[in-house]
């Protein structure tokens, strides 16, 4: 074998058993061109898109390592922004399933995201308390907004104005002016965390959900609007701000902190509240896209649905009320004076439609309103189910009807036991409520059978039946062909913790919490209902012990039986006489799992003390103790015909070890929470594992050799990259530590990009020096001497050194540009500025270079302006940049005019309204701008 033993690598083959992770949200997306038919949900590090109608998985958006925390579809429905646990955001194309853009800016999990109306910008909020606005088209960060003191819970763009409103667990709601990137108003009227909010009534109202049953409603009035129409009567302005009987508007409820009187873009005052039926905190509060329906849920299984009256509907209701009031007044007029004005209560404007009761706790929801008035609601539940409901709003009493339920692909609770069939093809998984049989190659669930809380299991030889041991002490025998429970036996007076098939395959042994080890044999019994005999089991012996039995295992020759006890020891008995043979003593906490190697030479034990011990089975001597996991070792199994074994830990990891060399070979990372159990296929090619993250994972042995030294090296690199990401950000010169900052963050990628730029500039310097030298040689020799071309430049097609620097520059990802320039030492900047001048003069990559140039000027302002050498460079740059940028602007203007002309031509021909939607919005904005200008002129 030589010095270095060769191992084979195991790699992740599949993730299954998961419908949707409760840690993310559900979002409706288009499937087959039909909006709202697909449901995107987090599935650990991936995103699954399900066809709600067929209950099939139609797309998997593959993640890297981090868990998915938030999903947000783009307005056109073609893209999905996915926020991860580590704060990164990736934007996937829903047609191809590829992620083309990555944004790194947050230092902690992404908690909220929203696109603006046109889908050009994306705003994200995070546990790190920052809010970042991203430019999706240019694939770069615009700016970071700092101000919240705790995790951000919701972020909303306003459609009509360039404003943003955010809420956080710090009880604050903040209003940001995106033109100036600062917070101009903070609502401090909440006493507890603001868990959700929504804009309704054409953005004239804000609804906030907190830790109590009250949904607070705030009126928003935009200051410009009030200035623009001085003739409007007072009563109309405060329309809808009706007194509400629910609660008195207390003084402190409407406190606002304004960041300066001149900055008052809007007023926000509390007008009352709507009471929820749920008593606990709001988990999700949202409106559907048209804003006609509002829904919310707490930590329970009820979604409360409200409908919001439009302006016209409110007007109609008011008119009706006026008539009634006049009638009453006429009747009463004999006795007294008629009453004054009539107003609608908040409860009349925001009406409860119905409650949707789901089959389990709701984690998230999304909804869509069809033009026919049908509301489709999709719910992601805590127990690995997606349910969809349909509500007919035009009905007299709208009732929610469950349209579909996706649940077959997973268990409702954690899987506590796994087993492989003898032919390596079927996998058994069992949880607190069901046993499922999966086909290993297709990962389809073939059988689902109800069971009690399962703790251990195995396939009966022949693979036609399975036996499950339960928490209540029962043994349940199932027939796979019919999918029926054939027999239930009361085996132990407490949990059946462990079960092991005897090597001669004639029976099995069980260990339980009643301090007993019981021996069973298979038998065929006469079945009353049929002629044929059926399989059964009978108890043949009992071994009574002094402590609870946690695990039992036979030696391969069936001579010995190992029993792990609650007193932290493992006792070994002779199987035939049940006489005591050895005691393995040394673990500080109970041994939860163990296994004996194929040749009966070694026994490996895994304990709650986080250690694995390897013992000789001949004398019971401990060969080695290994610190295996950062938490309890939950499961341990040898690979067939070898001394290699796998362990599963509560630290989310699965590790492979060599019991001869006592080496750690490989770590299988993937699970995001405790790994409860695993199973190895009899041929050793597959490992299947189950975790508290609700996923089952299949790992496959490849033919790729694994070299331990290389593994260690890769591990060290990964650790270094993680440490880089955790380092503090450098403070940018010229940037005050205020409420706004750079959007990006330092990552290993930005450092590598900066290093590539530095290398390119160094190559440029060397080549220029060589060229100077070469010219001098030619001059001295009086003839042309051949010039050796640098191999790097040759690889790029014999380009000049300065062109090479530009090539390297163009390859820096747009989203990483600023961060890369930030770590670039100043000594490289003068050369860069000279090169920029040359490029811009030639009109190459003007937009990219101007962005980089302005950023460099901003961060190195002091050093550049005090450097005499750079005065002329900056002067030249000023000239070339201004002329080139105005040229680019002219080209854009010309193209716009050309497009307008084409559009008019097409419309004249076909009389179609082309681009109508976008044009209307553009015109509307233009009108508003003109109005604003008129107002300003009037004031002046």
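Every residue number used here counts from 1 along the chain in the order it is shown.
Backbone N, Cα and C atoms are what each Cβ position is placed from, and that goes for glycine too.
Annotated by TrEMBL as region 'Disordered', the relevant range among 228-261, 262-295, 296-329 is 228-261. Remote same-chain partners of the repeat 'WD' (489-523), defined as residues 6 or more beyond its termini with a Cβ less than 8 Å from a stretch Cβ, comprise 455-458, 460-461, 467, 469-475, 477, 535-558, 561, 563-564. Confidence for the repeat 'WD' (408-448), expressed as mean pLDDT, is 95. Across the range of the repeat 'WD' (626-667), the DSSP-based residue counts are 0 helix, 24 strand, 18 coil.
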